[in-house]
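Colleague: Quick one: structure below, then a few questions.
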Amino acid sequence: MNVIKSRRPAVSPEIDPSTLSNYQNFAVSNTELFLDVLFDEKIVAGTVLYHLEVLNKDVSEVILDTSFLTVESVTVNGSEAEFSLHERVEPLGSRLAISIPPNSQKVQLFISFRTTERCTAIQFLDKEATDGKKAPYLFCQCQAIHARSLFPCFDTPALKSTYKLSAKSPLFTLMSGRPVNQEGDMYYFDQPVPIPSYLISIASGDIVKAKIGPRSDIYSEPVKIKDCQWEFENDMEDFIQIAEKLVFEYEWLRFDSLVLPSSFPYGGMEIPNLCQLTPTLICKDRSQVTVMAHELAHSWSGNLVTNCSWEHFWLNEGWTVYIERRIIEGIATAEAIKAGKKDPFAYGESMRHFSAIIGWNDLENSIKAMGNDAERFSPLVLDLKAGEDPDDSFSTVPYEKGFNLLFLIEQTVGGKKVFDKFIPSYFKKFRYGSLDTYQFVDYLYEFFNDKKVELDSIDWESWLYKPGMPPVMPKFDTTLADECYELADEWFSAIKNNSYLKHDFSSADIKSFEPNQSVVFLDTLISYNKHKDFNWKDHVDALKLMETAYTEYDTSLNAEILFRWYMLQVSGEREEFQHKLGQWLGTVGRMKFVRPGYVLLNEVNRELAIYYFKKFESNYHPICKTMVKKDLGLV
């Protein structure tokens with residue numbers, strides 16, 4: 001604990017270095033946001049009304065974040081007010097400074113604004129770029145610091161507000177709140193639970209809905225709606241009920257979701273009342289519904305209890321992965337009971353561990369792919385005080401390193417039954433608030449005041465502040481992974497002994513695999529490139545034999561499997577698969593696949609990587625486009 005104390009900031013929660021605003025001086029009792037979607041101009045115009053409480057009587061101005069915004073007018077308490085838009089500071093944007101009367105206690109701040117073509121939060125799609133090809137489409141992604149390019153705001157997770165939301169659009173529109181009313185082309189929403197700016201969202205297009213649970217609908221373009229409904233209707237309500245038993249009652253009333261067009265850059269985004277999902281989850285085998293479990297878990301970790309800055313992002317994502325895997329465990333246990341398995345609870349636990357094994361592999365690959373940036377961006381608690389773009393630090397580290405720390409804490413305090421008492425207490429303690437790592441650790445020690453010796457055994461210095469992999473690897477139950485390891489080892493041994501052509505490899509090897517077992521099998525094969533004196537490019541014949549034996553991989557609808565299959569074959573520098581990967585990267589926008597896909601292509605054939613990126617660049621969301629340009633050294 002002395003290490004934590006030595007690093008503790010003067011103020012806790014820590015001041016957010018990724019905002020230019022003076023948010024510490026204000027509380028926001030409510031925000032009224034109106035957005036006018038102008039498809040022809042590909043911009044959004046709007047107004048925002050802040051109901052502010054002044055916390056510092058000496059403050060003379062409100063400073064908000066903006067980025068590439070046009071500010072048209074400002075009023076304070078109904079009167080026109082002086083304002084200045086400061087020079088841009090990359091990558092954080094421009095301060096919008098607005099004078100307020102001296103000794104103000106409450107302020108009503110009204111701003112009229114328009115986005116510009118350089119807005120990084122929104123993407124307009126022409127109708128040809130949509131699945132249905134009937135109407136244009138708009139969607140939004142504000143995390144981490146892109147809300148400031150949509151509307152002037154305190155763009156920090158440290159400050160929350162309730163919202164009255166409205167939008168004008170010629171097409172069906174959804175926002176990050178509960179639908180209240182529609183009058184012609186006007187749409188109204190209410191968000192009574194306080195949320196930070198990064199959870200604001202809007203989507204508008206040819207959108208319909210279908211029921212997937214008693215308190216859940218799924219939205220998508222009409223051509224996809226039946227597939228989307230089938231993918232999620234089996235599990236949605238069970239997910240919610242398992243999470244409620246673990247934490248406490250779901251607070252947001254409804255859990256509705258929207259499957260976005262393919263250019264959406266993330267697997268999912270935990271927008272309250274409008275969970276946004278990548279279409280790569282629609283693989284017709286329900287194997288990727290765990291992403292929905294992840295986004296649902298954010299309803300408590302991230303949305304109710306929030307990291308105070310992106311330096312402490314692991315508090316959002318590590319907790320969310322932990323809850324997600326407890327949901328997976330609960331679903332697997334229920335299925336095992338229904339199937340009459342001998343020890344259903346052990347089976348459920350083995351499924352949780354199996355998911356954690358996949359996550360550990362992802363963490364290793366992510367840190368390796370960072371290269372020199374691993375020193376800065378692989379500690380659990382980040383340092384962004386030099387004004388870095390939080391997007392540059394985005395990786396699986398806060399997710400998987402964060403999960404593994406919580407998993408270690410669970411084991412250290414006495415297992416799930418003991419740790420489960422802490423979970424609802426923690427989320428009630430910090431509900432509606434934002435916190436840093438120091439507050440989390442303080443409350444952990446306060447709650448388990450009889451387990452100080454056990455908690456002190458955790459190497460907090462290494463876990464929180466040192467780059468690279470965690471200091472210890474948990475002892476995972478490998479029951480479900482062993483089959484995958486054994487088959488991969490058969491291939492490795494046959495190749496090393498030059499006997500693979502005589503080996504009877506066939507599709508029967510993987511016939512009984514669950515989809516995620518194929519993921520682990522392929523991950524293991526890819527990992528053999530780390531072995532000394534082994535490189536897949538020296539064993540192309542083996543890769544060709546694999547292609548013949550496992551034809552289902554080449555035609556898989558599961559993006560997690562297809563991506564790894566392509567990565568394995570491209571690591572052998574097979575030219576036909578370089579083109580297959582390049583073409584596939586033009587059909588997905590999810591950065592989990594797009595970024596490492598281009599990085600690998602760049603390693604084996606830079607000319608081809610740049611060719612395919614230039615070919616598909618206009619399809620990608622601005623966030624994705626910027627990150628790939630950095631990955632390829634094009635900026």
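Placement of Cβ uses the backbone N, Cα and C atoms for every residue, glycine included.
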Colleague: Which residue of Glu311, Glu317 does Swiss-Prot report at the same Zn(2+) site as His294, His298?
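Modeller: Checking Glu311, Glu317 against Swiss-Prot: the Zn(2+) site match is Glu317.
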Colleague: May I ask which residues of the same chain, at least 6 positions away in sequence, place their Cβ under 8 angstroms from the Cβ of His294 (Zn(2+) binding site)?
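Modeller: Long-range Cβ contacts: Gly267, Gly268, Thr320, Val321, Glu324.
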Colleague: About how far apart, in whole Å, are the alpha carbons (Cα) of Glu317 (Zn(2+) binding site) and Glu295 (active site, proton acceptor)?
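Modeller: Taking the Cα atoms only, Glu317 (Zn(2+) binding site) lies 10 Å from Glu295 (active site, proton acceptor).
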Colleague: Helix, strand or coil: which one is Tyr399 (active site, proton donor) in, per DSSP?
Modeller: helix
Colleague: Between Gln141 (substrate binding site) and Glu295 (active site, proton acceptor), how many Å separate their Cα atoms?
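Modeller: For Gln141 (substrate binding site) versus Glu295 (active site, proton acceptor), the Cα atoms are 15 Å apart.
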Colleague: Looking only at C-alpha atoms, tell me how far Glu295 (active site, proton acceptor) is from Glu270 (substrate binding site), rounded to the nearest Å.
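Modeller: Counting only the Cα atoms, the answer is 5 Å.
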Colleague: Under a three-state reduction of DSSP output, how is His294 (Zn(2+) binding site) classified: helix, strand, or coil?
Modeller: helix
Colleague: For Tyr266 (substrate binding site), name the DSSP secondary structure in the helix/strand/coil scheme.
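Modeller: For Tyr266 (substrate binding site) - judged by DSSP and reduced to three states - the answer is coil.
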Colleague: Measure the Cβ-based neighbour count of Gln141 (substrate binding site), defined as the other Cβ atoms within 10 Å of its Cβ.
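Modeller: 25, counting other Cβ atoms within 10 Å of Gln141 (substrate binding site).
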